[in-house]
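The ATP binding site feature in Swiss-Prot is assigned to 207-214, 606-613; the stated evidence is sequence analysis. Marked as coiled coil by Swiss-Prot: 403-500. Under the heading domain 'Clp R', Swiss-Prot lists 3-147. Residues annotated as region 'Repeat 1' in Swiss-Prot: 6-73. Here Swiss-Prot flags 85-147 as region 'Repeat 2'. If you look up Swiss-Prot, you'll see 164-410 marked as region 'I'. Residues or ranges marked as region 'II' in Swiss-Prot: 532-723.
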Amino acid sequence: MNPEKFTHKTNETIATAHELAVNAGHAQFTPLHLAGALISDPTGIFPQAISSAGGENAAQSAERVINQALKKLPSQSPPPDDIPASSSLIKVIRRAQAAQKSRGDTHLAVDQLIMGLLEDSQIRDLLNEVGVATARVKSEVEKLRGKEGKKVESASGDTNFQALKTYGRDLVEQAGKLDPVIGRDEEIRRVVRILSRRTKNNPVLIGEPGVGKTAVVEGLAQRIVKGDVPNSLTDVRLISLDMGALVAGAKYRGEFEERLKSVLKEVEDAEGKVILFIDEIHLVLGAGKTEGSMDAANLFKPMLARGQLRCIGATTLEEYRKYVEKDAAFERRFQQVYVAEPSVPDTISILRGLKEKYEGHHGVRIQDRALINAAQLSARYITGRHLPDKAIDLVDEACANVRVQLDSQPEEIDNLERKRMQLEIELHALEREKDKASKARLIEVRKELDDLRDKLQPLTMKYRKEKERIDEIRRLKQKREELMFSLQEAERRYDLARAADLRYGAIQEVESAIAQLEGTSSEENVMLTENVGPEHIAEVVSRWTGIPVTRLGQNEKERLIGLADRLHKRVVGQNQAVNAVSEAILRSRAGLGRPQQPTGSFLFLGPTGVGKTELAKALAEQLFDDENLLVRIDMSEYMEQHSVSRLIGAPPGYVGHEEGGQLTEAVRRRPYCVILFDEVEKAHVAVFNTLLQVLDDGRLTDGQGRTVDFRNSVIIMTSNLGAEHLLAGLTGKVTMEVARDCVMREVRKHFRPELLNRLDEIVVFDPLSHDQLRKVARLQMKDVAVRLAERGVALAVTDAALDYILAESYDPVYGARPIRRWMEKKVVTELSKMVVREEIDENSTVYIDAGAGDLVYRVESGGLVDASTGKKSDVLIHIANGPKRSDAAQAVKKMRIEEIEDDDNEEMIED
C-alpha cells in the first residue's frame, strides 16, 4: 500500500479506522474498523448511499449494527504497539486498487474503497441484517461519478463528488418552506426574460439592502414549482451556491479551484437544467485568490460568456460599484435588474402575505391594523434602512414580545404567588412559637393563606386553560404549515391521490380545529392576550429609535397639557416663547404635526441673561428627564467657512472623514432631541446655508452620504442681535413696540430671508423686570439649598435678604447671570467657610437675613428631618414677611415642616 497514491479523504478514513482499532485494543485492523470509520461521518458517501438504498433510518441502523460487531471483537490490555492489517482488509484495498486502475484514476478514491468493502462477506451480512441490499448501495455509490464517470486525477479529487449538493441548496426543492413572495412581478419577469436569452443569460439583482433581492429569486423558485414559467425554465433546479462552504477547509493549493471547477462541471453536464444563484456575488471577485492562483471570477467568465452557465447574482448598489464595476469583463457578462424599494401600500401587501407565516411561528394573532402601522411607522421613523425589511423586522419583534409575555405568568398571579410564599414562611416560623400573640397571629395567617389559595386557584386554572388553548393553536398552525409544504411536494410529483388526501382531509381538519379554538376566545380574555396590535408595533419603534410614538397615556396627556406651566417653574416670564415651544411639542405628540419638517424651529432673540438657553435646557429636561440630553452646538466655534465640515463631517479624502459630524452623528443616534444652536449670529454664513435643508425638509446629508432625519427634533437658535434696543425699551427711552421693530430690522439685516422664512417662529425675549429678577434670585437660592440638602442641612431665606441680593447684583444690561455670580461669590463662599469651620452640623438649619449693609447667617440645630415626627421639610424655607434678625430663629422653627408659598403661589422644590 502506497499512501501517496491515496486521496486525502482515503488516507483520513484509513487513519480514523486504525485509531478506532488502537483505542479498542483490538489485535487486528479489519474491514469492520474501516466500515465503522466510514459510517461515522454523517456527511460522507457511505451513510448517504445506505440512506438512499434503504430509507431514511437505514444509515443509523447500519451504524448501530457495525458498532455492536466491533464490541464483540476480542480486545487486549494493554493494546499491542503495532496492529497489523488483517488479510481480509488487504483484500479489500487490493480490490479497490484494481477498480481504480480500470477506471483510470491516478489516486485511490473513497468510493472505490467502499466498493471494495462491499465485497467483504462480513460487511455484506451486516447490511443484509438491517435490510439493505449491497447491490443497491453499489449502484448509489456509482451514481456519484455521474453519467460520464468522472476521473480522480488529484489527491483531493474525491471531495468533489456531488459538488452541487455539498456546496449549494436547491431552492426549488425548498420552495414550500420559503416565505411567500408578494408583488415583484416585473422584476421576476425581467429575470425570466434574461435567463431565456441564448448568450449572456445571467441577471444580476442590484438594489439597496433589505429591499427584497433574494426574495425575487425565491419568487422565481416558487413559480418554477407551480409551472408558471416558459418551457426553457420548466423542471430546472435553482441552486443557491454557498461561497463560504466552497472556500472553507480548502487547505491545499488549488483545492478551492478544484471544488469550483467540479461545481461548474456539474452545471455544464446538467445541460441547462441547473441555474446557479450566488447571493453577494461580489464575493466571487477575489475569492480564493492567493499568490500564483486565479480567483473564482476568472473561472466563471468563459462559461458565462458562452451561455453554458446560467447564473443569477445579487448584490447591493454600493458593493456592485465598488467590486463588480471595476472588473469590466465580469460586469459585461451580467444584465442588471434594479430592485427598487417598495412603497408603503406595497409593503402592507407584502406583510399581509407573510402574516400567516409569522402567526404560525410565534403562535399569536396579528391584527391588520398592526401591519399597516408597521409599514407607516417604519417608513416615517426608521431611517437608514429600507422597506420591506424594516417593517417585517418590526412585526417579527412585536410578535416575539407578545409571545414572551404569553410564556410568562400574568402579573396578577405572580403577585399572589409571592404573597402566598411569604405567608407560608411566616406560618412555619409561627408554628414553633408558644406565646399567645404568636398563636393569635398563626390563626390570622392560616385564614389569610386559605383566602389567598381560594383566590389563586381559579385564576391559576383559568391561566392554564388559556395557555393550553394558545399552545394548541400554535401547534396546529405549525402543523398546517408542514401539511401545506407536503401538499406542494405532492403536487410537484403529480401524486394526485396524496394531494387530494391532504387538501380535502388533513388540512381541512386542522383548519376547522384552529377555527374552533379561536372561536372560544371571543369572550373577554383578561389573563392572556395573543393579539399583536398597533400599540405593540409602536412600542418596538419607540424602543428602537427613542421616539415616543406609543399611544398617549393619561399621565402623558396631563404632562403635555401642563408642559407650559412646568417650563415656567424654571423659566421666569417669557410667556410667548414658552407657549410657542410647548405647542410645537403638543402638535408632534398628538400626531398632527407636519410630517416632513422638524417638530419646531425657533429663533430666540433678546439680551443676555433673560432665559433663552435656559428654556432649551428646561425643555430637554421635561422631554427626557435630563437636561444633558440637549444637543448643544456653540456657534461661536463655527466662525470660519471650513468649520461647516465639523457639523456634517469631513468630505472624502480629508482627515476625519470616518468620524462623522458633530450635529449629524448626534441626531442619527438620537433622532428625538432638542438641538440648541447657541449665539447663532456669531457663525459663518456658510453654516446657515447648511441649515436651510434641515429647517425646510427635516433632512441633512452628512459627509459620508447618509441622510440624517431631523423630523423629530426641536431646533432652537439663540441670538443677542438688537439687544441694546430692548434695553432702551426697558429703561423707557423708547416704547417696547418700537424696540421690537428695531430688533427685527437688525435680524433681517444679518440673516438671509430664506433662513428666516423657514423658521416656525421668531420670539423676542423681553428684558427681565425687578419682580421677575426676584423670582430668579429665589430659584438660584433653591439651587444652593439643594446642594446643602445633600448634607442634611435646610436653608431659610427672608424677602429682605433676596432684596439685598438683588440690590447688590442687579444690572439691567446683563440680566439674570450677575445674580448667580454674586450668589456664588458671596453666599456660597460664606456657607463653604462655615462648613469648613464646622459651624454647620448635619441636620441643622442655616437662615439668611439682611443686616446693616450685609447678609447675616445664623445656624440652628434641627434641619431637613424633624426628630420628633421624622418628616422632611423643604430644602429652601422661604420667610415671606422678612422678620428681623431677633425674630428670625422663631420663624424658621415654625416654618420648617410646612410648605410655604410665595405671593405668586410658586411651588418650592421638594427634596
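In case you wondered, yes, glycine gets a Cβ from its N, Cα and C as well.
Looking at which of 6-73, 85-147, 532-723 has the most CB pairs under 8 Å to the region 'I' (164-410), the answer is the stretch 532-723. For the binding-site residues V211, V610, the ranking by surrounding Cβ atoms (within 10 Å, all protein chains) places V610 first. Here the region 'Repeat 2' (85-147) is broken down by DSSP into helix, strand and coil counts: 44 helix, 2 strand, 17 coil. The number of other Cβ atoms within 10 Å of the Cβ belonging to P209 (ATP binding site), over all protein chains shown, comes to 14. Under 8 Å, Cβ to Cβ, and six or more positions away along its own chain, G207 (ATP binding site) finds K213, T316, L317, Y338, V339, A340, E341. For the region 'Repeat 1' (6-73), the DSSP-based tally of helix, strand and coil residues reads 51 helix, 3 strand, 14 coil.
In this structure, G207 (ATP binding site) is part of a beta strand by DSSP. Annotation for the binding-site residues K213, K612: lowest Cβ count within 10 Å of the residue's own Cβ, K213. Mean pLDDT of the predicted structure over the region 'II' (532-723): 80. Look at G606 (ATP binding site): DSSP puts it in coil. Its own atom aside, the Cβ of G606 (ATP binding site) has 26 Cβ atoms within 10 angstroms in the protein chains shown. The Cβ neighbour count for T608 (ATP binding site), using a 10 Å radius and every protein chain shown, is 16.
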